[in-house]
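Worksheet: the structure to be examined is printed underneath.
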Amino acid sequence: MDNFHLIKIIGEGTFGKVYLAKDKSESSHCVIKEISLTKEKEASKNEVILLARMEHPNIVTFFSSFQENGRLFIVMEYCDGGDLMQRIQRQRGVMFSEDQILCWFVQISLGLKHIHDRKILHRDIKSQNIFLSKNGMVAKLGDFGTARTLNDSMELAQTCAGTPYYLSPEICQNRPYNNKTDIWSLGCVLYELCTLKHPFESNNFHHLVLKICQGRVAPISPHFSRDLQSLIPQLFRVSPQDRPSVTSLLKRPFLETLIARSLYPEVCSRRIQSHAHMENMAIGPTACWRVSPWSAAYLQRKFEAQQYKLKVERQLGLRPSSVEPHPNEGEKLQSHWEETKFQELQYRKNKMKDQEYWKQLEEIRQQYHNDMKEIKKKMGRELKRVVKFEISLDKCISEEDTVQENEAVDKLNATLSFEDGTKFQEHRCKEEHEDYTDRAFEELCGPEAEGFFQDVIAAENRRQWDAGAPHTLLRIMAMADVTSTCPTMPDDGQVIVMEGSVENGKQWWLDVPGTPCALAAECACSGSLSASKGETVMIKPQLPKEDQEKVEIATGIMVDDEQLEPGSDEDDIKFEESEDELRSEIIESLEKLAASTEEAEQAPSSSKNAEEPGEKEKTNLPVKKLQ
């Protein structure tokens, strides 16, 4: 580690940490992967061996490895574009173009083909293990920590390895698998590029396994081509034998045209040269990917030398135009070469412009996100409020209360059953009814309802009818200043002659027992009143004409104690009459009674007039005959 300068930690993998470092001797950036030998000794050695064997433009380049303090450090190529998962997350819902998706897919497939040709299973192909370099234009496959080498192309592996979202059905079902499990994972990566989400998602691992075993995914957007839409279902076939291999994928017409653009120019020239000498030379599997840096320049110099030789021979006359089978062939070749060179220059210029454009677009997008974060932070500071809590240290909270509170919280976190849901609905309906009642009460409590409440309070404070016998009339008669005289015509027809003048007549006693109230109390509301002295005489009250007939029918009925009991609600009439009205009616009846007595004293014949209907009322009063 002394030869490297560690800059920062850029990630943590399955078996250790990953550092961004700088080589002190070459001053170039690199990635150092730290692996603990005590935990994953075999896996770390396997990764070093496999990376040392991999030499491909679409596989992360291996530089060196060393051990230090019981740890293994692997020095690899640094990809400045990050991994593919980070690139997908930066899209924020904006879909990739189909050309970009297919370009990355072809490059990943080429790297995977290079692995499968060497009988190696990656077993952990995912977007986090695919790295981007050269401004995101080149995709490279990395992280061979879970890779395994097979002894035969027909051999099957049985170890469960990989990331749950990218597991194949045969691994989930604990069945043997081969290189077709990497094809399933490759389909998951392609689906993420098309939809920006996982093909199989679930919060539960058991449900996720069930979805993977079914192999059903939602179709991608119809804006993509039919070739791409039909390719994804083929990669997600449940049976491994039905899935295509990497070689058959790259032979598809719409993918084969992109291979030339995905490879470097020197790789293309090397492939052309290798095909030309395929019949005479036995080229190893790795030779086609080893490219000499001077091959393209050599071909160009050879072509220029041939053209210069033909030109000199023509000028010297050593090679006339008639000798040539095609006189204009040299000119055609020269024009063709110039045209291809011009096209190549234009392609490079356009590529540089595209790279600058994407770089500027990425800077603008990053600046926009930074500005939005600052605005949200400012808004959060403005909306932030302080909440103060006051805790009394004198009062001790019992443990039972805390246990009860925790139980209440647990009940809220628990799932509601059917009975709990029914009770919750009933309680909710009751609360809504109470809310409506409270709203109605608030409306009544408004300024318009103040008079209504005053009337209700006044009605509650009014005197009500008692359950006993009424004494209102008797009390008024007891308080009134009344004088009584004897009638001149008794029932037996004899005339009572009073001694002396009217002023010397017998007066009512002022004692309380002689009053009608006391007599009524002593007689318990009987039909007749007895005076303390003298004989008892029934005096009929004077009634109006319209009630005379009713009184004549009811005169022969004696009043019993049962009739004085309070009647039912149907017998009560006019409860709204006030005491003032009753008092005024009683006073009027008493005045009429007094006037009738005065007329009886002045005219002896007034007894006849009293018998006429509707003039006077007869009242039973106690009288005493004069001797």
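Even glycines carry a Cβ here, placed using N, Cα and C.
Source: prediction; values computed, not measured.
Feature annotation (Swiss-Prot): of 323-342, 563-582, the stretch labelled region 'Disordered' is 563-582. Summarised as a single figure, the pLDDT of the domain 'Protein kinase' (4-255) averages 85. Working note on the recorded positions GLU12, ASP124: by count of other C-beta atoms within 10 Å of each C-beta, ASP124 ranks first. The DSSP secondary structure for ILE10 (ATP binding site) is strand. Closest by Cα distance to ASP124 (active site, proton acceptor), from the binding-site residues ILE10, GLU12, VAL18, is GLU12.
The DSSP secondary structure for VAL18 (ATP binding site) is strand. Cβ-based crowding with a 10 Å cutoff singles out VAL18 as the top-ranked of the binding-site residues ILE10, VAL18. In this view, GLY16 (ATP binding site) is surrounded by 19 other Cβ atoms within 10 Å of its Cβ, with every protein chain counted.
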